[in-house]
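This report concerns only the one structure given below.
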Amino acid sequence: MTRVLATGTFDLLHPGHVFFLRQARSFGDELYVLVARDSMIKHKAQPIVPEGQRLKMISAFGVVDKALLGSESDIFEPLKEINPDIIVLGHDQFFDTGELEKNLGERGFKAKVVRIDDAMKCELCSSGRIIKRVLERYGQNEE
């Protein structure tokens with residue numbers, strides 16, 4: 001049984017997220033998903049949707065066997081419970097695959113790291129594009 005782990009913020013769910021999770025699932029038999037904690041997101045703007053709500057939405061996907069919130073202190077902590085065989089990164093995730101595999105090995109994990117370079121091509125397959133569209137349509141100062 002091959003256990004796959006996918007991670008992400010999953011803010012403003014869109015078809016690109018669905019594509020990523022389906023691709024991740026194709027690497028194994030079980031798909032676990034770590035949803036980033038609001039407090040750990042430092043490389044981009046804070047999510048619009050709170051972490052608990054994002055977790056519930058990801059948990060509802062049929063391709064996902066189990067979704068969990070990430071750790072608020074150590075990104076490797078949840079891996080002790082999950083013990084993945086493969087960690088799948090999306091095309092836009094900032095981790096370096098080689099560096100991540102090295103860090104995993106130093107912590108006793110044997111997971112292989114793969115990146116899905118394909119991205120679904122559609123007009124609103126990006127949380128950033130969705131936000132831009134909302135701002136264009138409704139203006140920045142309106143509620």
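Note: Cβ is positioned from N, Cα and C throughout, glycine not excepted.
Site annotation (Swiss-Prot): ATP is bound by THR9, PHE10, HIS14, PRO15, GLY16, HIS17, and the candidate from ASP74, ASP85, ASP92 recorded at this site is ASP92. Counting every protein chain shown, the number of other Cβ atoms lying within 10 Å of the Cβ of PRO15 (ATP binding site) is 14. Largest Cα to Cα distance within the recorded ATP binders THR9, PHE10, HIS14, PRO15, GLY16, HIS17, ASP92: about 15 Å as a whole number. Sitting within 8 Å of the Cβ centre of THR9, PHE10, HIS14, PRO15, GLY16, HIS17, ASP92, and not among those site residues for ATP, are the Cβ atoms of GLY8, ASP11, LEU12, LEU13, VAL18, PHE20, GLY90, CYS125, SER126, SER127.
Here the binding-site residues are HIS14, HIS17; the one with the fewest Cβ atoms within 10 Å of its Cβ is HIS14.
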